[in-house]
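**Q** Supplied in structure tokens, the structure appears directly below.
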Amino acid sequence: MSNPPVYTTSSGCPISDAFSTQRISVQNNDYKYKPPVGPLLMQDFKLIDSLAHFDRERIPERVVHAKGAGAYGYFEVTDDISDLCSAKFLDQVGKKTKIFTRFSTVGGEKGSADTARDPRGFATKFYTEEGNLDLVYNNTPIFFIRDPTKFPHFIHTQKRDPQTNLKDANMFWDYLTANPESLHQVMYLFSERGTPASWRTMNGYSGHTYKWYNAKGEWKYVQVHFIARQGVHNLNNEQAGKLAGENPDHNTQDLFDAIEKGEYPVWDCYVQSMTLEESKKLPFSVFDLTKIWPHGDFPLRHFGRFVLNENPTNYFAETEQVAFSPSNTVPSMQPSNDPVLQSRLFSYPDTHRHRLGANFHQIPINCPLKSGSFAPQIRDGPMCIDGNLGSTPNYAGAYNCPVQYKASAKIAPDGVDEQYQGEVVPYHWEICDYDFAQPGKFWDVLGKTNGEQEALVHNIASHVQAAKPFIQDRVCEYFSKANPAIGQLVKEELKKLSKL
Ligand code: HEM
């Protein structure tokens, strides 16, 4: 360093020796090799300052998606989609917006292996002139549940047993087979796509249905797809297991090294859209997160691309403290009534207040870049470091109140544009035959590529062999709902593996 800083305490007092401690000298020793025998002093602020902070170094890890890595980049508009969406960051072809993306696994702890069989999180924060837009997606176009009450139950079965603290194939498969709306996602997860070769070689999907508005106030349902220009590349079960042992941080390293070398990953952005009328004719609910929209009926429309070209300089400050939420949006992009999405709108900012504190929005990585924020009633609280809006009145509507925002879309205030009337019902979403139609089609799609169906069967059997025999039987019945051949093949594969 040309001008190295001087070590100080946290209050800035210069330190001449970072490694010395204050001790009572009660013996006339040769201090160079033998320390004085007296105790340390309470007044040694340098030591206490450092130990006390060390004791508080850890914050709660994310309850899901704890292991991950991120990078900065930019999004660029490539095609005019103003007939569909009036978001300002999309209003000109060629316009660029700064982004930060974090990739993650879901079930494992912060130190767990990047190559575990698990969906991958794919969350991107767009720092737009209308505030932060977070697209909090996965690398799978569907999900295990469609009713949010199931989320904590489901996640617990993928975590550790309350007594043994071990992952348990029995509870994993017990839950999934008892809740077969999970089948579509589980087939995806146990295909080779469940173990991507790197974060650069996988796609991202909104999964949920959202609503986008144009400037006339007309809206359509949409689903978004990010398609990797690097192509989709996966590991097989054995390669993923080997890498988990040899280099559990494989994907973290791959992303960092690629960006350092200037090999910037790129994703193309597409949107599928559907009118309200079209949604009524679907053989499934448009709010069902376990279903995809057939591409033949709802074609992909290209609208942008994004590039990741800059590594963060501090993992904790940026990647650990970044707080994504589907509730961070811009006026012309609104959530649909998908109940899982609606629940996520609550859950993310709630966990951020727990994980990062009430003023998590003041952490630089979470600050809106261009427009800033002006919410004069959101004041004080722990670690308020942004000047707290100075002498501005701490309520809205004061005599010097700011101008109300005029959204470019003629959407009703705060996205509320539909009216509902009816009874409150305790709705439990039942299973129907159609729930297994798309998993059946997915099996046929796998059959088009050499070895993909065999890999699915092998991957299922390799996992379920750790479960009890009656659970194994249930697993075979479960996959037979997609196609009876799968159950039979898994049974045979289990026999083969038991002889090894
Ligand atoms: C992370 C809840 C479903 C994608 C999280 C976190 C929570 C959570 C509490 C940790 C956030 C943090 O500490 O910053 C839920 C609930 C769900 C749900 C309650 C359903 C009821 C989904 C779905 C998707 C998804 C369907 C994808 C379509 C993600 C991603 C992250 C995440 C990508 C990691 C964000 C990051 O990198 O910081 N979720 N989640 N989640 N969730 Fe969900």
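Here the Cβ of each residue, glycine as well, is placed from N, Cα and C on the backbone.
Checked TrEMBL, it gives:
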DOMAIN    8-403  domain 'Catalase core'
ACT_SITE  His65  active site
ACT_SITE  Asn138  active site
BINDING   Tyr348  heme binding site
**Q** Averaging the per-residue pLDDT over the domain 'Catalase core' (8-403), what integer do you get?
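**A** PLDDT averaged over the stretch: 95.
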**Q** In whole Å, note down how far the CA of Tyr348 (heme binding site) lies from the CA of Asn138 (active site).
**A** 15
**Q** State the Cα to Cα distance, in Å, between Tyr348 (heme binding site) and His65 (active site), rounded to an integer.
**A** 12
**Q** Taking the Cβ of Tyr348 (heme binding site) as centre, how many other Cβ atoms lie within 10 Å?
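**A** The answer is 18.
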**Q** Suppose we draw a 10 Å sphere around the Cβ of Asn138 (active site). How many other Cβ atoms does it contain, all chains included?
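**A** A count of 22.
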